[in-house]
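K.L.:
Residues annotated as UDP-N-acetyl-alpha-D-glucosamine binding site in TrEMBL: 19, 20, 21, 129, 172, 200, 301. According to TrEMBL, the feature domain 'Glycosyltransferase family 28 N-terminal' maps to 12-147. According to TrEMBL, the domain 'Glycosyl transferase family 28 C-terminal' annotation covers 194-357.
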């Protein structure tokens, strides 16, 4: 290096599917790495390009990708798209020269990670769910490290387990900051604040079941409720009219940008059990009723929810079992015995990992620097 020319900080390339479940933990890691002085870039699909400013506006590169759908023609089309993405990724890697490539799952992560592995660039994969996703199953054998969110992950073979490190699932700093904040007091006859979301798709099942169940509560219970609920745009007016008629206080929106604030103020969370949601709810130490999305082939949301329920921090209701009658019985128990929620809150918090981004960042830094062949987070 000639005098007066300083070397640029090392670049870490993140490779992730274009949905919030993959991008939120990638964003949390990006913020941690930037704070350590690294340069960071993201490779994703076109959906990820539309993600709100990623880690303060780092470079985002779109690679061809595809999900492996049913039917021979869909499989051929997806394979062709992934192949195109692989060659795009090789060119991108040759240009960027990253020190490490970190994958966060989803088929759009495959081209970047697989290309890096063929080019002998160190790779790390992160699994957010309690079961290894199909993309990560394919990529795991040649990854230097496999970072996992849970102590017990289905789908890891014995060889993979030797390279697995439990980091937890990285959450945004505003969520991590809730870990040490106390659970809000439930005063006798005071408000019970319930936060309800429907996941990235705003599942309409919650807009159908929640208002019907809550409207059946006795008047003295209804007047205590403070409902904050995510609804699809087309459902807001209908759901609001039911709550208003039942004299239930409600705040309904298609999307909440203030997730940390809503988790901080709520006494109970009700919603899907995607990896990101479960990580945020447990880090905040909030008891939950989880209704797993029922149509994943590997039932990943059920496994995520079960992990928290087994610790005593949540209750799991199947979508078929999520009826107004069943929910009504559960809520009446909470209203009559709020100590049930206090105990569950502590158990939920025991599942939270507010330092997951730092732990994953330590692994990245160790491999990028060549300090430790076996970093332990």
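From the backbone N, Cα and C atoms, a Cβ is placed for every residue, glycine too.
Where the annotation comes from TrEMBL, it is an automatic prediction and has not been curated.
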K.L.:
If one looks at the chain holding residue 172 (UDP-N-acetyl-alpha-D-glucosamine binding site), which residues at least 6 apart in sequence have a CB under 8 angstroms from its CB?
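P.N.:
24, 27, 28, 31, 260 - these are the non-local Cβ neighbours of residue 172 (UDP-N-acetyl-alpha-D-glucosamine binding site), listed in sequence order.
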K.L.:
Helix, strand, coil: count each for the residues of the domain 'Glycosyltransferase family 28 N-terminal' (12-147), based on DSSP.
P.N.:
69 helix, 26 strand, 41 coil
K.L.:
10 Å Cβ neighbour count around residue 301 (UDP-N-acetyl-alpha-D-glucosamine binding site)?
P.N.:
26
K.L.:
Cβ atoms within 10 Å, counted per site: which of 20, 21 has the most, among these binding-site residues?
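P.N.:
Compared across 20, 21, the most Cβ atoms within 10 Å surround 21.
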K.L.:
Counting other Cβ atoms within 10 Å, pick out the least crowded of the binding-site residues 19, 129.
P.N.:
19
